[in-house]
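> Below you will find the structure I want to go over with you.
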Amino acid sequence: MKSRFENALASAPESLSRHLAPIILAADFDASLSTVQFDELLKQTGMTDNQLRVALLPFAAAYSYAPISEFYVGAIVRGLSGTLYFGANMEFDGVQLGQTVHAEQSAISHAWMKGEQGLSDITINFSPCGHCRQFMNELSSAKELKIQLPEREEKKLHDYLPDSFGPSDLGIESALMSQVHHGFATEDDDALMQRAVEAMNRSHAPYTHNLSGVALQTESGRVYLGAYAENAAFNPSLPPLQVALIQLLLAGERFENIQSAALVESHKGKISHLACTQSTLEALNPDIPVSYLSL
């Protein structure tokens, strides 16, 4: 990761690389920029807000894991708190393409798992595909969400997705990233399973009712959570494992570091993530133990 950042710094404008390097090369950099950090960079570089976000995209793309396409995409979302969160596309060797995570989904789920309850804007390298436009339409802030592309005027999501189909068309009032706690608890004393339940309580699954969460523990002892993000169009839904894997990559860890995994889901769900979770983790490392609980 450090070498990717160094390459991006070498290609960035000098005023940006000089002031950004101490931030992103720090051991505790977590793929996000606080409002204070971003405002300081604006002053130090003399760039506009839009220009700086676009200039930061190569640093978001540095997190890309794309062994199949070798097409590295970065995205940056700004939460309602003002914090900026990086994201990048993620692919898996030996797993069907439906498990792929797009850069927009990565950045959005990053902000979501860090506690944001909505987004004001998203900045991306390339025009968002239909899959991602639909994914963003599930957000609590979809009506106001702005999209910034390089060398283009900022537009709202619904300029890219007119006459959209969304949760309201299915009679659903809840939205992805809205504050929620589903109230699940378990008597299981396994610490990793307890964390998976924590993620489950934040999940969004109004269509299948498969409220679910994943927790991954790595060799470092750190735990990464993923909550299920369901979508009105079904296919753009983001499984809890992928959300957890995104958090892991954006923390600078590697899939090879995963020691154990836990999945918990509602017994009332019309689907199950168990088989896909097991098969995807097996493709990463067949020795990863997976604990499972249905509540």
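Heads up, the Cβ atoms here are built off N, Cα and C, so glycines get one too.
Straight from Swiss-Prot, here's the annotation block:
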type     : residues               : note
ACT_SITE : GLU104                 : active site, proton donor
BINDING  : ASN89, MET90, GLU91    : substrate binding site
BINDING  : HIS102, CYS129, CYS132 : Zn(2+) binding site
DOMAIN   : 48-168                 : domain 'CMP/dCMP-type deaminase 1'
DOMAIN   : 187-295                : domain 'CMP/dCMP-type deaminase 2'
> In whole Å, note down how far the CA of HIS102 (Zn(2+) binding site) lies from the CA of MET90 (substrate binding site).
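Taking the Cα atoms only, MET90 (substrate binding site) lies 7 Å from HIS102 (Zn(2+) binding site).
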> Going by C-alpha distance, which of the recorded positions HIS102, GLU104, CYS129, CYS132 is nearest to ASN89 (substrate binding site)?
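Closest by Cα: HIS102.
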> Work out how many Å separate CYS129 (Zn(2+) binding site) and GLU104 (active site, proton donor) at their Cα atoms, rounded off.
10
> Of HIS102, GLU104, CYS132, which recorded positions come within 10 Å of GLU91 (substrate binding site), going by C-alpha to C-alpha distance?
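Cα filter at 10 Å returns HIS102.
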> Fill in the CA-CA distance, the residue listed as 'active site, proton donor' to CYS132 (Zn(2+) binding site), as an integer in Å.
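That comes out at 7 Å between the alpha carbons.
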> If you skip the near sequence neighbours and keep only those at least six away, which residues in the chain come within under 8 angstroms of HIS102 (Zn(2+) binding site), Cβ to Cβ?
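Sequence-distant Cβ neighbours: VAL73, ASN89, CYS129, HIS131, CYS132, PHE135.
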> Over the domain 'CMP/dCMP-type deaminase 2' (187-295), what is the model's mean pLDDT?
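Mean per-residue confidence for the domain 'CMP/dCMP-type deaminase 2' (187-295): 97 out of 100.
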> Beyond HIS102, CYS129, CYS132, what residues of that chain have CB atoms within 8 A of the centre of the Zn(2+) site's CB atoms?
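Sorted by sequence, the hits are ALA103, GLU104, GLN105, PRO128, GLY130, HIS131, ARG133, PHE135.
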> Whose Cβ lies within 8 Å of the mean position of the Cβ atoms of ASN89, MET90, GLU91, the substrate site, other than those residues?
SER64, TYR65, ALA66, SER69, ALA88, PHE92, THR100, VAL101, HIS102, ALA103, SER106
> Any idea what DSSP makes of HIS102 (Zn(2+) binding site), helix, strand or coil?
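For HIS102 (Zn(2+) binding site) - judged by DSSP and reduced to three states - the answer is coil.
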> Counting across all protein chains present, how many other Cβ atoms fall within 10 Å of the Cβ of GLU104 (active site, proton donor)?
24
> Just counting, how many other CB atoms are there within 10 A of the CB of ASN89 (substrate binding site)?
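For ASN89 (substrate binding site), the count of other Cβ atoms within 10 Å is 23.
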